[in-house]
Amino acid sequence: MQLPVLTILFPLFGAFVAVAVAWSSMGRSRQSVMPIAVSALGLSAVCAAVLFVQVLSTGPQTYLLGGWAPPWGISLSVDPLSALMLVVVSAGALLNLFAFSFTPSKWPLGKTPAFLGLYLLATAGHLGIVATGDVFNLFVFIEVAALSSYALLSMGGPRATFASLNYLLVGSVGASLYLLGVGYLYITSGSLNMLDIADILTTIPLSTTTLTGFVVLMLGLWVKMAVFPFHAWLPAAYSSASPAVSGLLAPMTTKVMAYVIVRMLTTVFPPDLLAAISGFSSMAVWLACVAIIAGALMALAQQDLRRMLCFILVAEVGYMLGGAFMGNATAMTGTILHILADAAMTLTLFLAVGSIVVRTGGSRIDDMDGMFTTMPVTMLAFTAGALSMIGVPPFCGFFSKWYLLSGALEAGHWVFAGSLILSSLVNVFLFFRVFERAFFRKPATASAPDSNDWYQLAPMCLIALLLPVIGLATGGIIQQIIQPALKGVM
């Protein structure tokens, strides 16, 4: 029963141990710290995997911090969905770190111990967001993840400091809105425990305070999730960050925030509250349509591969937002599937582009000529991620989009359905523009193939191979994980 807390504690304590060991290693920081970081993430991933198996076989698990029972104490509550998210976050962080652990020239000069400590703290924060059953403790973990992310992003390229500052300012607004929403909920319910709040809200009449708390809380999460028009921080931050940082945060942050929104809608807030603010839900879906179209069109204007992926990510956020507020189980199923699929797709693409950046020093689309010749394995993994992002079966992106599209048609929201199809068609053009240069054109300079870079290729290929596997396992994921989460709610 200690697995929920151990999954978080290993990277949390590993961060402090890594920095302490580095300070005492007298110049041997990278060699002494890296095994600690990898071991901490490895142990966390193992705990998450074992916890996932146990939850599937025996049911949800709850860990009481300090032995204090809710609602006075803080609890970590893990059901099949949150257990799977713990696996996604911990395994993704481990694979990304391993992929870039043998490229010392790309690490922040003289800051490797701090970098790895912050990396572990950011991972622990995201794991805590997934596992906690307390809305204020959720705020604490959001800030642990956010503050670590701000510092990590500032260690990137020449523009990274300004991008990190911009992210800090916008993120602080989002955190303040979320905390204000929690305050309104506490005024109404007198509790901070998610399940306790849900029980109380079903026994009292809806009030303006409750509705205000819901709206303000959601706006805070939207800012953190980079929902259009609160998205401007994302492309600047992720495109200027070091490959190891963008490979950690791009697949993780927006998906974890989307998970929080799903958890709030399915666990904390009762259906009658959502029905009372149907206008807000409708506005959210329309905003998602704008986000999808705007993200796709802005991606068309980019000449840098990483910035292109960032704007595609803005559109992907629109997918998840629209499905969550569509109001039916089919669309919510699509949202949860897309959270899982987009985490894997984004990790694959950012690992591939990060490998290109490490090897060539840049990521401009004009410099992709002949990349299938010079980096064949990397480009094959990139192709798998791109096909999944487009929505080609049997990759996982197809199945999540199918449920989102079906949910939109079920709700009669033709604009959202059209936006989803349009965005997928734009993705075809975006990625085939890269394929045309990489496959049909000759490389500008001859270089050895990437087959010797096994440390980068192994995690990348593993995730790429999982994309069709996840797609083919969609039925089992829905039956074993998603349906129990939505039972009695939709």
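The backbone N, Cα and C atoms fix where each Cβ goes, glycine too.
Here is what TrEMBL records for this protein:
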{"type": "DOMAIN", "residues": "133-419", "note": "domain 'NADH:quinone oxidoreductase/Mrp antiporter transmembrane'"}
{"type": "TRANSMEM", "residues": "6-24", "note": "transmembrane segment"}
{"type": "TRANSMEM", "residues": "36-56", "note": "transmembrane segment"}
{"type": "TRANSMEM", "residues": "81-100", "note": "transmembrane segment"}
{"type": "TRANSMEM", "residues": "112-129", "note": "transmembrane segment"}
{"type": "TRANSMEM", "residues": "135-153", "note": "transmembrane segment"}
{"type": "TRANSMEM", "residues": "165-188", "note": "transmembrane segment"}
{"type": "TRANSMEM", "residues": "274-301", "note": "transmembrane segment"}
{"type": "TRANSMEM", "residues": "308-329", "note": "transmembrane segment"}
{"type": "TRANSMEM", "residues": "335-358", "note": "transmembrane segment"}
{"type": "TRANSMEM", "residues": "370-391", "note": "transmembrane segment"}
{"type": "TRANSMEM", "residues": "411-432", "note": "transmembrane segment"}
{"type": "TRANSMEM", "residues": "461-482", "note": "transmembrane segment"}
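Here the transmembrane segment (112-129) has Cβ contacts under 8 Å with residues 7-9, 11-12, 14-16, 18-19, 21-23, 29-30, 33-34, 36-37, 40-41, 44, 48, 86, 89-90, 93, 97, 104, 137-138, 140-146, 148-149, 151-152, 155, 244-245, 248-249, 252-253, 256, 259-260 of the same chain, all six or more residues outside its ends. Residues 135-136, 139, 142-143, 146, 149-150, 153-154, 197, 200-201, 204, 207, 209-210, 212-224, 230, 232-233, 236-237 of the same chain lie 6+ residues outside the transmembrane segment (165-188) yet bring a C-beta within less than 8 angstroms of a C-beta in it. Listed as Cβ neighbours of the transmembrane segment (81-100) (distance under 8 Å, sequence separation of 6 or more from its ends, same chain) are residues 7, 11, 37-38, 41-42, 44-45, 47-49, 51-52, 55-56, 106, 119, 123, 126-127, 130-131, 243-244, 247-248, 251-252, 255-256, 259, 263, 336, 339-340, 343-344, 347, 351, 354-355, 358, 455-456, 458-460, 462-463, 477, 481-482, 484-485.
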